[in-house]
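Undergrad: Here it is, the structure, as structure tokens.
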Amino acid sequence: MKLKNHKNHHTDLYQDNICVLRRSQTFQMWITLSRPFNRHTDKLHLHLKTGPIPEVGKRTHVIVPLVEELKGNCWEAAVVKENDKRIKLSVNSPGTAVIGRYRLTVETTCPNGLAIYTCNPSDDIYMLFNPWSKDDSVFLDDEEERQEYVLNDVGRIYNGRVNQIGARTWNYGQFDSGILATCLYILEKSKTLCSGWGDPVNVVRIVSAMVNSNDDAGVLVGKWSGDYTGGTCPTFWNGSVEILQQYYASKGSPVKYGQCWVFGGVTTTVLRCLGIPTRTVTNFNSAHDTDVSLTIDVYVDENMDTITNKNQDSIWNFHVWNDCWMARPDLPPGNGGWQAVDATPQETSNGIYCCGPAPLTAIRNGQVYLKYDCPFVFAEVNSDRILWQRNADGTYSKIFTEKKVVGCNISTKAVGSDERNDITHMYKYAEGSEEERVAVETACSYGSKPDTYESPTAKDVTMKVVMEGEGPKLGSDAELIVKFINHSCENRNVSLNSQLAVMYYTGVHKATFQKEKRDLDLLPNKETKVKLALTYDKYKDLLVDQGALMLTLLGRVKETQQVLATQFGFLLRTPDLIIKTQPIGKPVVGQKMTVEISFINPLPEELKDVVLNVEGIGLLPVQKITYGDIRSNGRVTITKDFTPTLAGAKKFVASLHCSQLTQVHGVADI
């Protein structure tokens with residue numbers, strides 16, 4: 001049974017003889033009782049407890065009820081097979097379950113009284129995150145990427161210089177014997193509440209802090225002096241397993257020594273082991289901003305000699321960190337997906353040496369006010385180097401700005417091969433483009449030197465996206481309206497960049513399908529409407545369940561340098577099912593009646609394998625109707641007979657599903 005569970009849960013690679021499962025997925029277990037189970041007189045509950053002080057209110061003590069039928073995405077169990085004294089249970093867990101090691105207790109109640117059996121520690125359940133489940137916030141909708149970023153235990157880490165890129169193989173070894181136990185030990189040693197271990201944002205911050213030893217006796221001691229006496233030279237490590245085994249065997253004594261690629265490699269091991277999709281990333285010409293100016297500042301005196309004690313910022317040849325994948329419900333929509341995480345101790349975050357998770361989308365757009373640590377990561381990849389000269393009165397003036405020097409050839413191992421994949425475009429727009437300059441100036445306006453770049457001479461243009469009526473319909477071309485108002489008495493010219501992207505309902509970006517650049521002439525004291533075309537053919541193959549799209553607008557007023565920026569999320573409207581009852585009049589309990597369900601296919605293509613789901617409390621139980629194919633723009637009518645069983649106001653509910661179209665519903669009051 002354990003082997004079957006492991007295969008279904010993609011945990012069969014873990015080399016320990018323990019039960020490793022992923023949350024939000026059904027698993028099976030056999031229970032042997034003292035006599036055959038009687039469904040009518042016997043009751044059974046499972047108790048799962050994790051952490052030092054399990055509490056029901058904190059979801060660390062879970063009482064799993066026995067139900068007749070499993071519903072999914074909650075703690076529940078159902079008897080699916082009986083064999084004399086043995087019963088086979090199917091058990092579900094929610095996509096928000098706390099990860100960790102659970103102790104299992106079986107509680108039975110029968111006419112003879114209560115019995116409690118505590119299972120052996122060998123039967124403990126190790127619960128992990130589940131990138132295969134849509135109900136888990138680490139869900140990753142690409143099997144090849146899941147194989148790479150969760151299940152691949154060997155990788156490539158890049159190093160060298162921007163024009164001399166080298167690489168080395170790194171053994172992550174997240175499935176090696178004892179590594180899962182070590183990863184959970186790291187979480188325990190953080191002394192954080194395990195009730196928060198169901199949130200990947202929280203877990204990632206804990207791991208980022210615990211992989212370095214600076215303030216919590218974490219895994220690795222960082223050292224860059226060249227003298228590695230008493231420890232191992234960072235370049236000597238070939239992988240994470242030896243480091244983690246040494247840390248666990250020494251009962252939490254930090255391992256000597258590590259540098260950025262070692263911190264990054266160990267972080268990938270820990271997060272992949274726990275089930276969070278993770279990759280190791282190298283940034284060439286990586287900036288270290290020490291004063292949150294979001295620029296790399298170089299100070300010289302009146303004679304152009306450097307002022308050593310003020311030049312604290314630096315640019316590393318390369319720096320290694322991690323990206324991990326998750327939804328970010330704590331942030332505005334569009335910020336889910338890849339998040340930058342850095343375990344190398346450089347600067348503190350809320351008083352602790354950790355960094356991230358910082359959404360790559362926010363970094364790309366200069367939205368450094370979003371959580372966590374976006375200013376530091378932005379400066380690493382997209383800061384300008386600025387030369388400041390001291391004046392006679394002791395103040396400083398900006399005399400030179402060097403662009404395009406920071407954040408080059410950002411690299412990670414490609415999916416399914418050992419090739420280098422350049423992901424610079426995910427961190428920033430093309431160097432020197434209008435979008436990139438807008439992002440830099442936006443970010444710096446939130447830094448410690450907000451006046452580094454010239455402020456706009458005026459802010460007299462406003463921009464707003466409006467949706468007319470109920471919004472665009474799925475399957476049809478449509479237009480979005482962007483309204484500009486020039487409040488000045490002079491002409492204004494706006495350089496506007498727009499892009500449309502498909503989003504998951506969790507706010508995670510799936511794919512950009514349309515980009516456009518245009519120049520707009522705005523007349524004085526006038527409103528100008530701009531129409532953006534939305535073409536079905538461009539997005540039809542990219543849509544996911546909820547039909548969510550995101551419009552991103554970035555612009556600049558040429559005369560004043562005012563920046564215009566907004567994001568506008570919207571859903572594509574799907575058609576309703578039209579439900580009518582027959583005969584007209586008052587339905588009666590016990591008397592047969594009929595409903596008529598009508599639907600028009602809105603898409604310019606045939607719907608394949610259409611299925612309807614109908615039900616109504618007191619009307620009829622859940623039933624599936626297999627219809628088949630519906631031609632493009634075709635109209636269909638389906639009738640359903642049933643006999644009401646309960647009196648009162650009832651609702652007949654129906655939904656339609658096929659691979660090309662979801663979120664189609666209808667209801668009738670009866």
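Cβ coordinates come from backbone N, Cα and C, glycine included.
The feature domain 'Transglutaminase-like' is assigned by TrEMBL to 252-345. Residues or ranges marked as active site by TrEMBL: C260, H319, D342. According to TrEMBL, the feature Ca(2+) binding site maps to N382, D384, E431, E436.
Thinking about packing and proximity, how do these listed features fit into the structure?
TA: Around the Cβ of C260 (active site), the same chain contributes W316, F318, H319, V320, W321, T344, each under 8 angstroms and 6 or more positions distant in sequence.
Non-local neighbourhood of E431 (Ca(2+) binding site): K403, K404, each in the same chain, at least six residues away, with C-beta under 8 Å from its C-beta.
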Undergrad: Report, in whole Å, the straight Cα-to-Cα distance of D342 (active site) from D384 (Ca(2+) binding site).
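TA: That separation, Cα to Cα, works out to 21 Å.
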Undergrad: Take every residue in the domain 'Transglutaminase-like' (252-345), average their pLDDT values, and give the whole-number result.
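TA: Summarising the domain 'Transglutaminase-like' (252-345) by its mean pLDDT gives 92.
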Undergrad: Out of H319, E436, give me whichever of these recorded positions has the highest number of other Cβ atoms within 10 Å.
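TA: Result for the most crowded candidate: H319.
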Undergrad: So among the recorded positions D342, D384, who's got the most Cβ atoms within 10 Å?
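TA: Per the Cβ count, the most surrounded site is D342.
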Undergrad: Is it possible to get the count of other C-beta atoms within 10 angstroms of the C-beta of N382 (Ca(2+) binding site)?
TA: 25
